[in-house]
């Protein structure tokens, strides 16, 4: 998960705008273990606090919390008509679009810090989450809660109207958002140990779990990924947690992806 996008979840109308986060140093040893790029592309650092160089996503390509960064001058935005933009970003259904200028022009040093480029073995500089992330956060959280309030209002207005039940994955996501809103911050420092412990469920368009689930990158290493049952979110026994692609497509059509039986529930 991208730490920058995670920071965007914590900004509410600028009230937490002064919280500062620092990623661990990208040592030469960690960078030496990175896989070599075989194609020519714009190079950016891995999402979150990863240290390895990866190819940036280009304009119009899908992007989200778990994907690599967009290229220079681009940001990952949810669609304008999305009812739940935050969930769209978590599902990897955003798009890399031209960055919306919502803040004064940054200095060269601030721009380099914000771009996420690989900076040798130096520690990534301390930075404040930009206002463009605050913009995404405000839209996402406001629409998320407005949608919930609308469903509650419609149910009260007409008791006979069936209320769509949230899936297990959506309920789990709501709990994570609630935990974030209740987090306490002290001395203008973000409790990174708490943030890294957060487990964002990766839900698909229908509200079920995406087959591939991942932890956010920490300590210069990409987060572990694994395959789950789309109905329960439980890790498939034969699927190991790996720092890369767990190849979840191998389970398509297999019994591992079947809904649980009444006895299993």
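Yeah, the Cβs are placed from backbone N, Cα and C, and that goes for glycine too.
Matching 144-170, 171-197, 198-224 against Swiss-Prot, the residues noted as region 'Disordered' span 144-170. When the disulfide-bonded residues 41, 49, 51, 225, 248 are screened for a Cα within 10 A of the Cα of residue 34 (disulfide bond), the ones that qualify are 51. Least crowded of the disulfide-bonded residues (76, 248), judged by neighbouring Cβ atoms within 10 Å of its own Cβ: 248. Residue pair residue 248 (disulfide bond) / residue 169 (disulfide bond) shows a Cα separation of 18 Å.
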